[in-house]
Every structure is written in structure tokens, then in C-alpha cells.
Amino acid sequence: MLGRLYVVMPVTFSKKGSSSHWKAFMDPQGLDPMNPSIFISSPVSASVGCYRFQLCLFTQGKQRRRVFGKFILLCNPWCREDTVYIPFEDQREEYIQNDSGLLFMGTAMNLVARPWSFDQYEPGVLETCLNLLQVSPQHQKNRRRDYLNRNNPVYISRVVSAMINSEDDRGVLKGKWSGGFKEGTNPSSWTGSGDILKQWADSGYSPVKYGQCWVFAAVMCTVMRVLGIPCRVVTNFNSAHDTNDNLVIEEFYSECGKKLNRSKDSIWNFHVWVECWMTRRDLGSGMDGWQVLDPTPQERSGGVFCCGPAPVKAIKDRRIDLVYDVPFVYAEVNADIHIIVLSGDRVLSFSKDTERVGSFICTKAVGHPRQQNITGDYKFLKSPTSTLSSRHSTNSDDSTLSRGSSRGVFVMLSLEKAPVAGEPVRFTVRVINKQNIPKMLKVHANAQAKEYDHSPSDTFWENHGVIKLAPMEDTVLHNQILPAQYEDVVGDDLINLAVVLEDIGSQERVLASEEFNIASPQLNIQIVDEDSIMPFREQTATVTFRNPYSHPVSGILTVSGAGLIQGKLHYRMPPLSPGGTVQQQVTFMPSMMGTKMLQANLSLANMRANIRGFKMVSVRRA
């Protein structure tokens with residue numbers, strides 16, 4: 001019985017199952033008449049949910065006894081006939097069974113791999129995920145129809161996408177992208193889904209404060225994995241939010257290189273969603289496989305704040321006629337950028353960038369703690385050996401560059417290497433006089449801090465000068481921003497750096513700009529005898545932090561790990577001078593076998609920065 005839906009079946013002695021209808025049988029071999037085992041086999045079309053059942057015993061046609069029980073039925077990615085069947089065992093291990101992962105943030109040239117605990121085996125998580133379906137508006141409006149539709153992962157994923165945010169319902173998370181977080185938890189402080197789902201359930205299903213895109217996506221990933229639907233978290237770097245559907249995002253700069261907040265459209269330095277694996281019988285076999293689902297509330301779909309499932313193949317082929325929300329996701333990875341330099345309301349220069357949006361899309365690799373480039377799944381790349389596919393790695397030291405050109409001048413802005421906390425940000429400005437006449441140029445360099453989803457704040461560093469160029473001269477200017485100039489401003493945020501050249505003779509302006517993050521230091525975790533870790537045997541880990549900043553820091557160290565530590569361990573870190581090192585011994589006792597993630601998070605008291613580290617721990621049988 002599922003709600004008021006039910007099916008009646010005789011208990012037979014035939015083991016032969018069926019993929020099309022319910023069946024119950026007893027094994028006649030080894031049958032204990034006083035304590036028989038009865039097996040129930042469900043059809044592949046059965047709905048997800050918590051079933052009740054009753055077993056009735058008849059003697060000579062009269063009912064003698066009844067017993068009652070419950071069982072939970074999930075999607076089955078191991079079953080070939082199931083609509084979520086995924087063919088490779090290593091993918092099932094990664095996208096269903098793995099209870100930890102990495103979320104990729106920062107920028108494409110300087111990836112930040114944030115550890116996350118999906119927590120699907122933690123107490124109460126399974127029940128909360130099933131209750132999410134019960135709390136949904138679809139279930140509250142028409143329970144029978146909801147139960148009947150729960151055999152379809154397209155339907156389930158749309159319900160979950162809407163229920164992760166709380167814009168239309170009693171959803172899990174309340175989003176907040178500006179102002180303080182005093183009434184709740186800073187989204188950057190969450191380290192796993194379990195705490196969020198537990199808080200939601202314990203509050204009687206009141207939204208948990210607060211989430212941003214990576215939190216929404218990671219919690220949805222947990223729910224989908226719990227329900228048996230293969231799921232992975234995906235990051236799109238330079239993600240466009242095109243409010244007027246013209247596939248164009250406008251960016252405005254002042255004549256001195258300050259980025260202006262003039263446009264309703266926006267580009268997020270990164271945006272995080274999920275992909276779920278399923279058959280799309282509603283669209284045809286060509287659209288089977290990975291589907292984009294985005295629980296971050298951005299636009300309404302069918303009147304509700306949800307997004308997807310949009311087939312990744314449809315996004316690549318621009319099949320904007322297909323459901324669900326393909327045009328919106330297509331714009332997120334394909335919009336053009338128009339860059340305009342203004343003096344008041346007068347346009348001084350205009351340029352186009354057709355490559356930056358969706359320049360790098362990645363997810364965690366199967367079985368390894370590193371990124372996998374999946375940009376080619378979403379769009380046709382210009383060449384298989386482009387810099388996009390070869391340049392990106394989690395510890396990339398390659399430079400990034402931005403170019404601008406006018407009739408008379410070419411400018412190129414390059415970071416010498418991916419910036420690292422505690423070190424100067426060094427960059428060069430290459431200027432080429434394209435004409436056979438000498439030139440006098442004003443050079444304006446401007447740096448602003450910015451959050452990943454906002455326009456930049458005020459200028460915190462600038463440099464202005466004048467250079468002379470001989471005919472056809474090619475010159476390079478060297479600049480640096482010192483740690484003391486950016487540390488207190490930037491924290492976990494990014495920097496927008498822009499250079500504007502002004503040709504004094506022709507009045508032409510040309511701009512080159514780059515947005516980048518500062519790589520935070522990492523916490524180092526070492527474990528004694530890490531090759532002989534067993535369940536229910538105490539282990540010791542050492543967490544080490546070296547202060548790379550130019551001033552003393554202090555804070556709270558939090559250590560956690562699903563299957564390794566119950567709850568969280570907290571340690572206070574006293575002030576640590578620049579260049580100083582501190583170590584913290586941590587004891588833990590694994591409760592589960594398998595590969596588990598031990599993660600540490602240091603929240604600094606006097607900076608807007610979180611320092612993270614993780615260690616994969618293999619817990620083996622004794």
C-alpha cells in the first residue's frame with residue numbers, strides 16, 4: 001500500500017520474478033514453517049516511497065491472522081529496465097554511493113576545490129528525503145496523482161528542484177546573496193548536507209537560513225542519491241544570467257577602468273547546478289543521459305522556481321524547443337558579452353567577447369579527488385586541443401590574459417601566475433603601437449573586490465601614468481598589488497582588474513580586464529598508520545596550518561567526517577603570527593567501512609576567509 005493505492009498478490013512458491021508486476025514468494029527449500037521468509041518483488045514501474053504492507057494467512061478459506069510491516073522503495077540504477085540505470089559500476093559508486101565529494105568554485109584559472117559531505121548514510125537523512133516528497137505542494141494538492149507520478153524520475157527531479165529552495169513552498173533552504181547572515185548560517189560555513197536536512201526536519205520543515213548556489217546544488221545531490229537517482233554537482237565558470245533572453249550580457253566600465261553596476265543582466269564568476277542521469281521517454285532516446293537541474297531560485301519554470309531536467313545533449317544542439325528550460329541553460333553557457341567604456345553616458349569604446357561565458361564546465365572525476373572537464377558535453381569547442389581543455393587543473397600555475405584592440409593600439413593584460421594568498425599579485429600590461437606614428441598614452445589600472453555573483457565594490461587599488469610609444473613599438477609594463485593592499489578587502493572574494501589605455505592624440509580608448517581569485521592556503525591533514533584504519537578503532541590525525549598572511553590570525557577549527565566522527569569537533573586557535581605554524585591533534589573512531597572524507601575548516605576571526613583541507617580515509621575490514 002502506498003497511501004490509498006494498493007495491490008493484492010498471492011504468496012507462491014515460484015521464484016520467477018517479473019519486471020512488470022508485483023510478486024511475492026516463499027523459497028520452499030530450507031523453509032522453516034514456524035518462521036518463514038517471504039520475498040516481495042516490485043515492477044520497474046513502481047513508485048518511490050514508504051510502503052505499508054500486510055500479510056494475511058488463510059486456513060481452509062478463512063482468514064486467521066494478519067501482520068503489518070513497512071518498506072522503502074527507491075529507484076534502482078543497478079536494474080537494466082529502470083529509467084535511471086547507469087551502466088558502469090564505478091559510476092554507480094561515484095554518483096549514488098559516494099557520501100563525499102568536491103565542489104569547484106573560484107575561477108577557471110585558479111580552481112578552488114571545496115570538500116563537501118553528502119551524508120546520505122547519516123541517521124535521519126533517508127527519512128527526511130522521503131518526507132521532502134510528502135511536504136511538496138504536488139503531494140499536498142493531490143496525493144493519489146503524486147504517488148502515481150513517482151515512478152518517473154523526470155517528475156521526481158522537478159519536485160525536488162523546487163523543494164530545495166523555499167520560494168514557493170516549505171522548501172529546505174532560504175537563499176541570501178547580499179547583506180549579513182546574522183539570522184542564520186553564512187552559506188560559506190556549511191560543510192555538508194546532513195546538518196541542513198536535520199535542521200529543516202527538526203524545525204517542522206521551516207526553511208534553513210541560508211543557501212547560495214553551491215549549497216542548493218549539493219543538498220539536491222544528496223536527495224537525488226538517497227532516492228536512487230545518479231547525480232553529480234557541476235560548476236559553470238562565467239555563467240550568464242540573461243534576463244531579457246537576447247543572449248547578450250552588457251558590461252560597463254568608466255574611462256579609468258572602474259567596472260560600473262549598470263546592467264540588469266549579470267555574469268556569475270561561477271554557478272553550480274546538478275546533473276541527474278535518466279531516460280527521457282518523453283523526448284526520445286537521443287535525449288537520454290545527463291540532465292541539468294538547478295535548484296537555485298533564478299527564474300520560474302511552469303510558474304514555480306525550479307529548473308530542468310534539461311538534457312545536456314539538447315543544450316549542446318540548441319534544441320530550445322524541448323522541455324524543460326533548455327533556452328535558459330543554453331544562455332548560461334553561450335551568451336556573448338558586450339564591453340562598453342563610458343564617460344558619463346557617452347560611449348568611448350565598444351568590444352565583444354564571445355568566449356568567456358561557459359568557458360569551463362567541470363565536475364568531480366569518477367573515483368578521484370580532482371576535476372573532470374565536461375565543457376565539450378555542453379558546447380562545440382573550437383579545437384580539441386584548445387587552451388581551455390589543456391590549461392585547467394586544480395593547481396594550475398598558468399597565466400591568464402585578456403586582450404583589447406583599437407585601430408591604433410593593442411593591449412594585453414596578463415597575470416604572471418595564479419595569485420596565492422600572502423604573495424603579491426604580479427601582472428604585466430603589454431602595449432603595442434599598431435601605427436607608424438609616435439603616440440602618447442594615458443594608462444589607467446584599477447582593481448575592485450567583488451563577490452562571485454555581484455558587480456564589484458569600490459576601487460581598492462589604482463595606478464595611473466603616461467607612456468610614450470615610438471612608431472610600431474611593443475612594450476611591457478610590470479605592476480603588482482601587495483598583500484597588505486588586498487588582504488583585508490578580498491578574503492574569499494574575487495578581484496576585478498582592468499586597464500584602460502587612452503590615446504591622447506586620437507582620443508581612442510581600449511580596455512583589457514580580468515577577474516580572478518586569490519588561492520587560499522590549505523590545511524594539511526596527516527593520519528598515523530593510514531594504511532591500517534579499521535572500524536571502531538581509535539585513530540589520530542594531525543591538522544597543520546601555516547599563516548601566509550602579513551598579520552596575525554586567529555579562529556575556530558572545525559573537524560568532521562561522515563562515518564568517521566559523530567557530529568563535529570571544535571578547537572579554538574589562538575593568535576598566530578605571520579609565517580607561524582600551528583598543529584592540532586584530532587582523535588576519531590570510524591563507524592563505517594569504505595572510503596570516507598575527513599575534512600577540516602578554519603574560520604578566521606579577523607578576515608572574511610575560510611581555510612579548508614580534506615583527507616580521503618580508507619576504512620578496511622579488521
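Numbering starts at 1 and runs along the chain as displayed.
Yeah, the Cβs are placed from backbone N, Cα and C, and that goes for glycine too.
What TrEMBL says about a protein is an automatic prediction, not a curated fact.
Look at TrEMBL and you will find Cys213 (among others) tagged as active site. Listed in sequence order, Trp268, Phe270, His271, Val272, Trp273, Thr296, Asp453 are the same-chain residues at least 6 apart in sequence whose CB falls under 8 Å from the CB of Cys213 (active site).
Positions annotated as active site by TrEMBL: His271 (among others).
Residues or ranges marked as active site by TrEMBL: Asp294 (among others).
Marked as domain 'Transglutaminase-like' by TrEMBL: 205-297. Along the domain 'Transglutaminase-like' (205-297), the predicted structure has mean pLDDT 94.
Annotation comment: TrEMBL describes 385-404 as region 'Disordered'.
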Might you list, by sequence position, any residue in that chain lying six or more from Asp294 (active site) with a Cβ less than 8 Å away from its Cβ?
Ser161, Phe216, Ala217, Trp273, Val274, Cys306, Cys307, Gly308, Asp325, Val329
Cβ packing number for His271 (active site), 10 Å threshold:
27
